[in-house]
Every structure is written in C-alpha cells, then in structure tokens.
Amino acid sequence: MNKTAIALLALLASSASLAATPWQKITQPVPGSAQSIGSFSNGCIVGADTLPIQSEHYQVMRTDQRRYFGHPDLVMFIQRLSRQVSNLGMGTVLIGDMGMPAGGRFNGGHASHQTGLDVDIFLQLPKTRWTSAQLLRPQALDLVSRDGKHVVPALWKPEIFSLIKLAAQDKDVTRIFVNPAIKQQLCLDAGTDRDWLRKVRPWFQHRAHMHVRLRCPADSLECEDQPLPPPGDGCGAELQSWFEPPKPGTTKPEKKTPPPLPPSCQALLDEHVI
C-alpha cells in the first residue's frame, strides 16, 4: 500500500474518531428548565433552546452541522441584536456556531461554546440575503491585513463598527473576542464613548467574525462566570503587546489534557449517551 493510501486511511479513521465525540451523539436538547452548567470551556446545558432558522433579521450558516442551540438568553440576544441591526438598515446578521443540543466539547474548532452562552457572528452585513448554497458554504471576509497589524481599509465599514458596539452595549454580554487588529481599529474609531470597549477583547484568529459571550444566567447556579475584563478601554499597552514579536525562546504551550467534566455534565452524558 503506498503512502498516499495510508495517509488517506489515517485521515478517514481520524475523521470517524472525531465524529464519535459523545456530545455529538445527543441530537436533541435535554428536557428541563434551562441551566448552563460549568465553564465556557468545560460544561454543558440542560433545556437548550433552538434558534429559529427562519428570520427576517438574521440568517443561520452551516445548518447541516446543527450548532444552533443555546440558552434561551442567547437566543433572545441574537434576536434582539439582529432586530436592532435591521431597524437601523445595516443589513442581515449572519449567525455562525452557537452550541450543540446539550452543549459540551466539540470535535474541533472550538474550545468554548460548551454552556449555550457563546455565538460566532460574521463581521459582514449583506444587504441582499444569502442563498441556501451560500449559507451552507459561507465565504468568510478576512478584515485583517496579511501582516496582522491593521484592518484592510477597503473592507472596514462603519456598519461593522456599529455591529460590534451594539453587541458590546447589550446588558447580557460580558465579552466579545475579535482579532487584535480589529480591536485596534475600534479603539481608533470610538471617539469619546468608550465604556463598551472594555468588553471587546483581542484574541487569536477572529479575523472575519466576532465571538460573543454572555454572562451566566442568574438561575444557572452551577454556571461558572469569568472574572470581569480589566478596567478601562483595553486600548493601551495590553493591546499593543499583541503586535510585538514573540520573545526569543518562546514555544507553543503543550496541548493540555481536558479536565474532568462537572459532575452534572458527566451524569447527563451517562444518562443520555449509550
């Protein structure tokens, strides 16, 4: 057997293994009152809502992957934000990954999105609604220059600034992750109204979408919130540190073994996955 065939078989075996992630075997939300459990990168959800696929204000991408589940607060946030955007005539909001029916760990692509409180939203607002084919295979619009130091001026639109600001001003939002170059542009454009910038955090990648995270719902007693972002607009030395070259001898951290699940999430898996 030649090397190409061996590599292909290994890839297929790897894909099959990834597809067998226990959380992906739960195909419907777990009945019960809505409860986000654990942390954003190690948790689950009971009583998730399904984001309605049909809406005049937003469109859901990659519906074949069935990642449009979340806490009712997340569904209401998406509906609230997209309605604001529509009322301002800014375009259609494009919704990416939320979470799986019971939350939990993905087979790749996300470390978080596990408690039904995270959503990815494309940083483009089409004036014409996308076709079904476009939604199934969406084309991301990379807003960041090749060197990663600034946004591409021709692609940066006032509507995108407004979209991020509207999301950050929402009472339920605790963090929004964007590329450092996008955060930098927001800092430049913000003027004197800057309180909302505290919630916008620079992070790796995130060149074409923002990752919005909500605070733990008050009645989700097993939900673990993150500490609040540091005071201030986050436009100073911390942001600039993202553009500095890595220090000599810096190596990528080793991949950590996932921590044990919260007991309630483990019990959920034990009950619902054969």
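Positions of Cβ are set from backbone N, Cα and C atoms, glycine also.
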Per Swiss-Prot, His110, His113, Asp120 bind Zn(2+) 1; matching candidate in His211, His272: His211
From Cys216, Cys223, Cys235, partner that Swiss-Prot gives for the disulfide involving Cys187: Cys235
DSSP-derived class (H/G/I helix, E/B strand, else coil) of Cys187 (disulfide bond): helix
For the disulfide-bonded residues Cys44, Cys187, Cys223, Cys235, Cys265, the one whose C-beta sees the most other C-beta atoms within 10 angstroms: Cys44
Among His110, Asp120, His150, His211, which are recorded as binding-site residues, the nearest neighbour of Cys187 (disulfide bond) by Cα: His150
Cα distance (Å, whole number) from His211 (Zn(2+) 1 binding site) to Cys235 (disulfide bond): 19
